[in-house]
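Visitor: My questions all concern the structure below.
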């Protein structure tokens with residue numbers, strides 16, 4: 001039995017004591033798993049080399065904790081679990097926003113670090129893709145969700161578009177469009193599809209030589225919007241969703257357990273364990289992750305992790321298409337495509353500023369339990385829902401009343417004789433209870449679940465009051 005070069009994560013406990021969901025009955029099974037893997041040949045087959053036990057390289061630790069091991073060429077190496085998908089004590093809810101318009105569309109973007117110890121997302125939002133023809137009439141939007149570092153995601157946001165436009169297929173397509181007044185035909189659409197795939201592969205190959213990439217990887221979803229078509233490239237588990245009046249379209253995630261992905265992974269000498277590649281990586285296609293792409297016998301699109309995207313081409317329907325969302329999996333972890341589309345439609349009836357629509361989505365996902373970085377771009381087309389002025393005014397009046405109740409409650413709390421600003425904390429639950437007691441939970445308004453919590457957090461931060 002063989003193991004690919006891609007690292008395999010194994011959880012093990014320092015002692016058979018309770019660590020969250022890890023208990024005495026489960027710890028022996030984990031140790032047995034580690035023992036079994038230690039007897040395997042790392043590279044090659046038994047005929048290539050004799051199977052020898054893998055040496056264990058421990059990391060010193062004096063405390064009871066969840067411990068993580070990786071199978072490497074040096075043996076079972078214990079690594080610092082704090083740097084692997086670790087979370088903050090409190091989420092960082094500050095947001096980065098951009099917005100713009102052009103070519104008959106509007107867009108807004110919001111990103112938030114959330115519970116993660118660092119921000120690894122990046123994005124592109126260009127209402128005008130380029131100043132040259134035909135791209136001056138096209139738009140380009142993309143989101144890159146990094147893992148094990150932000151390096152490849154940041155590089156993708158600054159260089160991927162250039163790789164697409166400079167591909168041989170895009171140049172040939174450009175020449176053809178100049179000759180036929182920019183009309184996308186079947187042949188030019190095929191060139192677009194090939195150009196996107198080659199551009200992704202080219203970017204990934206060139207990035208391999210960069211010194212700052214380290215072991216980071218990222219998913220990618222990009223959307224080109226032309227006057228007549230959507231052309232979407234997807235790599236990994238970020239997603240694009242196009243919402244119309246009567247239908248919703250969404251890209252398909254690349255997960256190791258899907259049949260077509262599993263076949264490639266197993267063909268490259270890997271396996272799918274706990275729905276991950278070799279028990280470690282949760283996506284089957286990505287930029288970077290070069291330790292999963294080191295078999296010299298295989299082309300890039302047949303490695304354990306492939307950098308080749310799926311490309312979707314859809315004709316636009318100007319009367320039906322309302323908006324498109326391009327977002328990372330921090331959104332889709334807690335919302336289905338349909339739930340997200342319905343939520344965005346609802347918020348568009350209240351907000352004319354698309355940044356506020358995106359902010360509401362991120363805050364709602366946080367309340368629903370998303371623990372990941374979150375980045376979202378919403379692109380509105382001519383048929384998008386318009387603001388309902390009566391709904392907008394009613395919600396604004398309700399928000400004003402809630403703010404008044406929260407501030408009055410905090411005034412009373414801070415004025416208490418035993419309250420010490422530097423030591424005592426106000427709980428969000430106590431604020432929510434106060435709002436409920438005042439009969440302010442909305443019944444006739446479709447206000448998002450997160451609204452009271454978000455308002456309370458903002459007021460507490462503005463007043464510099466500690467809270468939990």
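Placed from the backbone N, Cα and C atoms, the Cβ positions cover glycine too.
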Visitor: For the Mn(2+) 2 site that Swiss-Prot describes with 329, 372, which of these is also annotated: 94, 137, 145?
Guide: 145
Visitor: Can you check which of 1-23, 24-46 Swiss-Prot lists as region 'Disordered'?
Guide: 1-23
Visitor: Relative to the mean position of the Cβ atoms of 145, 329, 372, the recorded Mn(2+) 2 site, which additional same-chain residues have Cβ within 8 Å?
Guide: 121, 219, 237, 238, 328, 330, 331, 332, 333, 373, 374
Visitor: In whole Å, note down how far the CA of residue 372 (Mn(2+) 2 binding site) lies from the CA of residue 145 (Mn(2+) 1 binding site).
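Guide: So the alpha carbons of residue 145 (Mn(2+) 1 binding site) and residue 372 (Mn(2+) 2 binding site) sit roughly 10 Å from each other.
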Visitor: Around residue 146 (Mn(2+) 1 binding site), which residues of its chain at least 6 apart sit with Cβ under 8 Å of its Cβ?
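Guide: When sequence neighbours closer than 6 are ignored, residue 146 (Mn(2+) 1 binding site) has 120, 121, 122, 152, 153, 154, 216, 217, 218 within Cβ distance under 8 Å.
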Visitor: Check the DSSP secondary structure of residue 146 (Mn(2+) 1 binding site), expressed as helix, strand or coil.
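Guide: It is in a strand.
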Visitor: Would you mind ranking the binding-site residues 145, 329, 372 by how many other Cβ atoms sit within 10 Å of each Cβ and giving me the lowest?
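Guide: Among the binding-site residues 145, 329, 372, the lowest count of other Cβ atoms within 10 Å belongs to 329.
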Visitor: Roughly where does the domain 'PPM-type phosphatase' (106-381) sit in mean pLDDT, to the nearest integer?
Guide: 97
